[in-house]
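Q: Dropping the structure in here first, questions after.
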């Protein structure tokens, strides 16, 4: 039943997107949405710091006129996925419902309680230009702890954990790393047999005026995964609600998994406000870097490329 509802909603949104005018004036600071030009700037910034991500044109017949022909969307391919979500060690105590009154039951932040420290005032947020090929991250007041690598925090944790509210505290990502630790040694034969790969894409959604993530998976022999197979690699709290199956706007079938963008602008707006309260300013060019941390809560076992360090 939920799949039927999602299909109907998807068709309605296709029409709505077609009728929605292209956003021309920046409203990033006020509402968290971005223009196509701002999407391009954020995409260029991502490609510069994380070169496994690249711009792509897609099918000529599906080119969007408000984006350059050779920069229709971003993609990264052959991203490893070593374990299924059910093999991760987490419990209900680690979850928190975000926005309970949204009519859909709220957004479940699976590792909400894994972060144990926050920072008070932010003068600026800058990206450390370090190796982005590794999928570990540190969010800290400085970069003295280069050897202390842990899993990245997701975007909701920035706002819900009271990011930037306490004195001289460092976000401890080591607990997230421990929470996501597979039950079996990744070096074992069983782990190798279970390794999958994913192609990830980031498009600009004209209706929601935000980025949107798409993913499609393959097994060990590079054979396409079924929808049910891909659902095994997605947090079960998000399957068929936050994550739906839809056609990629720039590529031919088959349909792909997509992380619905209806909450992205709202969450980004809260982060912008939090940073501003600390005396800092969040540049729109950082959008996709934060976005990739945000969606990690939805696909925690897919080890895509994101920045290692944010200096607060």
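Keep in mind that glycine also has a Cβ here, set from the backbone N, Cα and C atoms.
These came from Swiss-Prot, pasted as-is:
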type	residues	note
MOTIF	4-19	motif 'Membrane-curvature-sensing motif'
MOTIF	104-110	motif 'LIR motif'
REGION	136-156	region 'Disordered'
COMPBIAS	141-156	compositional bias 'Acidic residues'
ACT_SITE	262	active site, glycyl thioester intermediate
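Show me how these features fit into the structure around them.
A: Summarising model confidence by region, the motif 'Membrane-curvature-sensing motif' (4-19) averages a pLDDT of 55.
Remark: residue 262 (active site, glycyl thioester intermediate) has 208 as non-local neighbours, by Cβ distance under 8 Å and separation of at least 6 in sequence.
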